[in-house]
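Let me begin by presenting the structure, written as structure tokens, before commenting on it.
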Amino acid sequence: MPKLNYKIIFHLMGLLLLFNGGFMMISALVSFITKDGVALQITASGLLALFAGMLLMFVTRDHKKEIKKREGYIVVTFGWLFMSLSGMLPYLVTDAIPSVTDAFFETISGYTTTGATILTDIESLPKGVLFWRSTTHWIGGMGIIVLAIAILPLLGIGGMQLFAAEAPGPSADKLHPRITDTAKRLWLIYFGFTAAETIALKLAGMSFFDAINHAMSTLSTGGFSTKNASVAYWNDTPLIQYIIIFFMLLAGMNFVLSYFAFKGKVQKIIKDDEFRLYMTFVFGFTIITALVVYFRADVSASSIDHPMVLGAGESAFRHGLFQVLAVITTTGFVTADFTMWTPFLTVIFFGLMFLGGSAGSTSGGIKVVRHLLTIRNALIEFKRTLHPNAILPVRYNTRSVDRTIIFNILAFFILYMLSWIIGASVLGAMGLDFKTALGGAASALGNVGPAFGELSPVDSYNGLPSQGKWWLAFLMLIGRLELFTVLILLTPFFWRNR
């Protein structure tokens, strides 16, 4: 096995640090405009990241312009780590989060678009810091789009490999042959959606600052809010919540399908199997949730205020739809404490944490297309027991899917569930109760945000022991990067030079 090209790896790390530093300078500008008193500290963070990035790129300027699979795995994993380590600087230097453990947790929660927070009084933070916090989500979302559409399929992993040349569906190659051009087109859509949501929220009554922060959190399916009560702060303004619902729905879709929509190819979207199952999940579980909330849930038992602005029926539907979408798309915004909505719905929402949005979206989780093909494969296995000699391919969008992709999906399911069990067991060993351990591991691995027990939608992760925060940060990372990308680095054969 050829030696690793370390220079290209560190060169790309330097590029990411430059990217991070540039966005920190934008946050410093926000801090300066709002006169929150921390503009100099955030500027210093940005300059440090820019200097480190330029230094790395200068030292490795004579790198070979070729990156192979092994370097790809390292760049993806360490890219997220480098971004998180440099990204926690604004929290530390402004004293917004003085603890390294807490600052790293908040930052990696941002970049992985998990939205789990250790903060207990968000509204007391300087606006420059709050803007940076939302920006980590937005940067993470940008990275996830190019990762899911263009990079992971080349490494042979991730949900979008299902759309490679040998498989049916919307292919990144068919979208545009060059990765950089593909990324630019999808980032343009991502930016456009963010701008559109910002304008819509501003017109609906949010301040411009709150609007842009929530737009960045929505499109990245992150979930950080500028308010202690999250989106429940606007429970008396249904229009704001319906706008966020609409954009959460878009964020949970494959961004390639959004590209097709702009090209006028609506039939491609309607006929896409994953899109149809995604919509079925969203509205099917919304109907169940809304009916149970309306007829059975004791809404007044929650600590969150629920003014019935348009009546009890509309309120049940809106909060049901909002929370179902927030969990399926792994956005993690909160308008209600769904853990108080009867034991039946608690179980339902726990299950929703394992769904995830569409492949090629900014959502975390297992992804709808994997569930779809696993179900179809199971049905075919039933048929095969009756007709052992029959040729029964698994189909996606009318075309057969290669068996190696099916095996990869099954391996992913096994590894995902094993990671969750081990993750919850480790949390249990740290002293967390059963519900908190199971929910916390599922939420971190699926990049959801809110969980159950001591980590419910109205609680923060602040009370966890330090080792628990580092462990959950690890689960966020492996969940965000589709497990194999990170875990392969822990195998001895990966590092052998033969």
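The first residue you see is number 1, and the count goes up from there.
Cβ atoms here come from the backbone N, Cα and C positions, even for glycine.
Automatic prediction, not curation, is the source of TrEMBL annotations.
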K(+) site partner of T113, T114, T330, T331, N447, V448 according to TrEMBL, chosen from G14, G222, is G222
Ordered by sequence, the long-range same-chain Cβ contacts of V448 (K(+) binding site) under 8 Å (at least 6 apart) are T114, G115, V327, T330, G332, M353, G364, G365, A442
Cβ contacts within 10 Å for T113 (K(+) binding site), all chains included, total 33
Around the recorded K(+) site (T113, T114, G222, T330, T331, N447, V448), other residues with Cβ within 8 Å of the Cβ centre, ordered by sequence, are T112, G115, S220, T221, G223, T329, G332, S363, G364, G446, G449
Query raised in the report: When you check the transmembrane segment (12-33) against the transmembrane segment (72-93), do you get at least 3 Cβ pairs under 8 Å, counting only pairs 6 or more apart in sequence?
Result: yes
For N447 (K(+) binding site), the number of neighbouring Cβ atoms whose distance to its own Cβ is within 10 Å equals 31
